[in-house]
Each structure stands twice: as C-alpha cells, then as structure tokens.
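Input: a single structure, listed below in structure tokens.
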C-alpha cells in the first residue's frame, strides 16, 4: 500500500518540481533597467531664434514660399529656443557634410553619456555582455558599435548588434532584442545606446516635405543599462512587463510616408508625407487592439465588451441614438504615458486616440519644447522629465509608445521598481523648475512674422 502511494505521489512531485523550476527560471528572464543617461550637449550648441534665421539666410535656394512654410512649421511644431544642433551647423558647413562630421557627433555623445552611465552604476566596460547601438541614418565601417568596443576595450566575447534604418521607434526595438537575449542567457548586463545622426542629414533644398525635418529634429541620445540578474532586482529602476511591435511595411502608403530619398535636384533628405498623421493613427489603432488585453485589467476589458455589445445590439448609431461609442480607459492599467516627442501634431494625435489629459502628455510636450525631436532617444527624455518631476513611484506602470519609419508602432509597459527622484545627472536638472513654462509659444512669429506680409513680386532676400 505504501509503495502504491509512493508511486502515485512521484508524478505529482515531479509535476510540482517542473512548475517550480519553470517559475524559478523565469526570474532570470526578466528585463530590468538599472539606470539610463540622456545626453545634454554643451550650451555652445544651443540653437535659438536668431541663429535659426542665420541658417535660413545662408541657404540661398530658399524663396519666399519656403520661408513662409518654415515660419509656420516652426511656430506650430512646439519646439523652443534651447534645443541643440550639431557642430557642423555652427561652422556653417551643414550643406557640405563629411562622414567624419557624423562620426565626431556620435563620439561626442558616446564619450559623454556612456561614461556617465558607467560611472553612476559602477559597472566596468569589461562587465558588459551585450552591446546594442541604434543609429538610423549613419552607417560606418567599422560599425559605431565597434568604435565603442575599441574605445572602452570591451571583452572579445561580447554580443554586438548595430541597428540602422529603424527611425524614431528604434529604442524599443533595441530593448526587444535585449529582452529576447535575456530569455536564453542568465546573469547578463546589456548596454543599449540610442541616438540619431543630424550632422550629415541636414537638408539644404526646397522640398517642403524634407524641410520639415530641419524644423523638428535636434541632436540628442541616451545610454541605457539593462540586466536580468535577479540579485540586482532591488537596485533596478524599471522592469519590463510587456512589449509589442506592430509593422505596416507591407502597406505602400505606410512604407512611403517616412523615407530617405533625393529631391528633384538630387539633394538627399528625409521625406515626411502629408499622410503621416493618417498612417500613424492607423498603426496606433491596430497596435492598441493587440496590446490592450495584455496591459489592461480584466474589469476594464469586460466593461468595454459589455458596452460594445449593448450598443451593437441596439442597432443605433452614435448620431441617431445619441450615444457615444464605447471607449477603453487605458488609465485603468497605466499610470504614466511616455509618448514619443515627435512634434505637436504627433502628440495631439496620440492624446486624442487614447483619451488623455494635458497632464498625461505634459512630459512629451515639454520634451519637444526643451530638446526637440531627438528621434529614437526622445522617449528617455520624456521619462527623465517624469523622474525630475517626482511623478514615478514604486509600483507605477509607465507605458512607452513610439512611432517611426517603416511604418512602425512599438510600445512597452514598464513597472517602477522603486521611488525615482531627480539625480545630478538628469538632463532636466538645471531647468526643471521652469517647466511647464507659462506659455509654449516661441518668438519666431513675433520676430519674423513680417515674412507673411511680403509680396512675392517685390521680395528681396535679406543678406
């Protein structure tokens, strides 16, 4: 009898052992952020209203229609007067860049932010197991990742990835790559370096869809240190709970709305199509359909389902029946919304789609105003603003949402592991007391509004 009981118990013990083993192993597959460091260039790279006008004046190809367009685009972008431009612009060589200009821009960022991050965390370069660099519009040989390995003398067996062409959504793509590596390897440190190269990509032509980039994009970057070491869980800032990527590259309209190409005069630039808001909305809506069940509580999903079925069964439209369409309340599963600071139109579009308040999108608006669109790294400046404002408390959920060329919509839900406060290295430290400002209106229209009154027949370019 005892033998029979033992034989019956063995499968149960084995089953429980396998469950325990799987649960324990899952702890080594978590993805934690130990720290991150946003790049803040020196003040001599700051580009204000007057200097913007100097750049425009030396671009002789621009006529009155282009000047009016640039004025309107800059005023409506939400960008401020304290953003940063690459050194080549201050030297007046933006129309004739070299590869070395791009490399110099990257190395300035690398040597500043990566060194600060390693110093903050106490991690030696030789301890880094995975290095991932994403820069969309600059490709060098050896790769930019190889330059980092050479500079910091990293290990020979380091896993290296160098991503290009991923656009403004590249940060979360990089995190996704790291997350997948963590699933099959224990006790790793991963360094993600995300930025964009502006120096060789300043557009000097007259195509409005390409001139828009000059108004929106500025230099910036971020270095992020991640780990799956369970022993460091108590030191982590954030833990990744969920990450999803949506790619509409198979759709021609989506594929062509953000694309690097030459204009009719053969000048290389980055085209932003008029259909970008529409394409972005479609990608976001499709993305939300997939990620909502992963990040929202069951109670909210059931509430939405019941309201949707009731409305459908009543067979009355929102106009005829006087009823509004049921809307998902994403705030039931998310405490903070970390939105890509792609410009006022992008931020307003996401705000409308998600039903957010001005408080929710304040970090993104302020990031656009203070640093401009820094491409893939903008999410981390937004996160830095939340940290500087002491919004992030232990247990809070932070939803990062990025949109980028491809066309892609990627998002990740993070859990705050400890109360986060403003530290000395935060890029917002010296200016956070002034945000949000009384007004986000920049002085471009006040100083240069006279351009709109000019007659094309009598207009003369200012010297």
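The backbone N, Cα and C atoms fix where each Cβ goes, glycine too.
All annotation found in TrEMBL is predicted automatically rather than curated by experts.
Now, the feature entries from TrEMBL:
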| type | residues | note |
| --- | --- | --- |
| SIGNAL | 1-25 | signal peptide |
| DOMAIN | 26-313 | domain 'FAE' |
| ACT_SITE | 168 | active site |
| ACT_SITE | 247 | active site |
| DOMAIN | 334-415 | domain 'Beta-ketoacyl-[acyl-carrier-protein] synthase III C-terminal' |
| ACT_SITE | 336 | active site |
| ACT_SITE | 340 | active site |
| ACT_SITE | 369 | active site |
| ACT_SITE | 373 | active site |
Problem set entry | Same-chain residues at least 6 apart in sequence whose Cβ lies under 8 Å from residue 369 (active site) | 78, 79, 80, 437, 440
Exercise. In sequence order, which residues at least six apart in the same chain have a CB under 8 Å from the CB of residue 336 (active site)?
Worked result: 360, 363, 386, 391, 392, 396, 397, 398, 399
For this session: Write out the long-range same-chain contacts of residue 340 (active site), meaning residues 6 or more apart in sequence whose Cβ is under 8 Å from its Cβ.
Result: 168, 169, 346, 364, 378, 379, 382, 401, 402, 403, 404
Problem set entry | Packing count at residue 373 (active site) (other Cβ atoms within 10 Å of its Cβ) | 25
Exercise. Highest CB neighbour count within 10 A among the active-site residues 168, 247?
Worked result: 168
Exercise. In whole Å, how far is residue 373 (active site) from residue 247 (active site) when you measure between their Cα atoms?
Worked result: 21
